[in-house]
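Below is one structure, written out as structure tokens; comments come after it.
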Amino acid sequence: MAFKGVLNDADVTAALDGCKSAFDHKAFFKACGLAAKSADDIKKAFAIIDQDKSGFIEEDELKLFLQNFCAGARALSDAETKAFLKAGDSDGDGKIGVDEFAAMVKH
């Protein structure tokens, strides 16, 4: 698992189970334990999710967000992806930077 040492496997499994039918980023971050983690751990999570290492999480990476936690997890729907991007993209540039991600995880 990519998040070994950052998140508890059982918490991640429970969080993934909770979003099989609908994705709510706030509920997911809380359930998987990321919301309670340190700034350094949140940056580590960001680096894992930023698949192309661009320094940003773009829409295509958000669509596959859950698969970072478990390879067999579902892709987010287009509507879920757009809502997730809108929630995290505070400066309106169409992508989520590390500071935006940290703010989204914590709130």
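For all residues, glycine too, the Cβ spot is worked out from N, Cα and C.
Record features (Swiss-Prot):
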- 37-72: domain 'EF-hand 1' (DOMAIN)
- ASP50, ASP52, SER54, PHE56, GLU58, GLU61: Ca(2+) 1 binding site (BINDING)
- 76-107: domain 'EF-hand 2' (DOMAIN)
- ASP89, ASP91, ASP93, LYS95, GLU100: Ca(2+) 2 binding site (BINDING)
Could you pull out which residues elsewhere in the chain have a CB under 8 Å from any CB of the domain 'EF-hand 1' (37-72), counting only those six or more residues past its ends?
1-3, 6-7, 12-13, 15-16, 19, 23, 78, 81-82, 84-85, 88, 94-98, 101-102, 105-106
Around GLU58 (Ca(2+) 1 binding site), which of the listed binding-site residues (ASP91, LYS95, GLU100) come within 10 Å, judging by Cα atoms?
LYS95
Just to confirm: which same-chain residues, 6+ apart in sequence, have a Cβ under 8 Å from the Cβ of ASP50 (Ca(2+) 1 binding site)?
PHE56, ILE57, GLU61
Could you state the whole-number distance in Å separating the C-alpha atoms of SER54 (Ca(2+) 1 binding site) and ASP93 (Ca(2+) 2 binding site)?
14
Expressed in Å to no decimal places, the gap between the Cα atoms of ASP91 (Ca(2+) 2 binding site) and ASP52 (Ca(2+) 1 binding site) is 21
Based on Cα distances to ASP52 (Ca(2+) 1 binding site), point out the closest of the binding-site residues ASP89, ASP93, LYS95, GLU100.
LYS95
The correct DSSP tally for the domain 'EF-hand 1' (37-72) reads 20 helix, 2 strand, 14 coil
When DSSP states are grouped into helix, strand and coil, how many residues of the domain 'EF-hand 2' (76-107) land in each?
20 helix, 2 strand, 10 coil
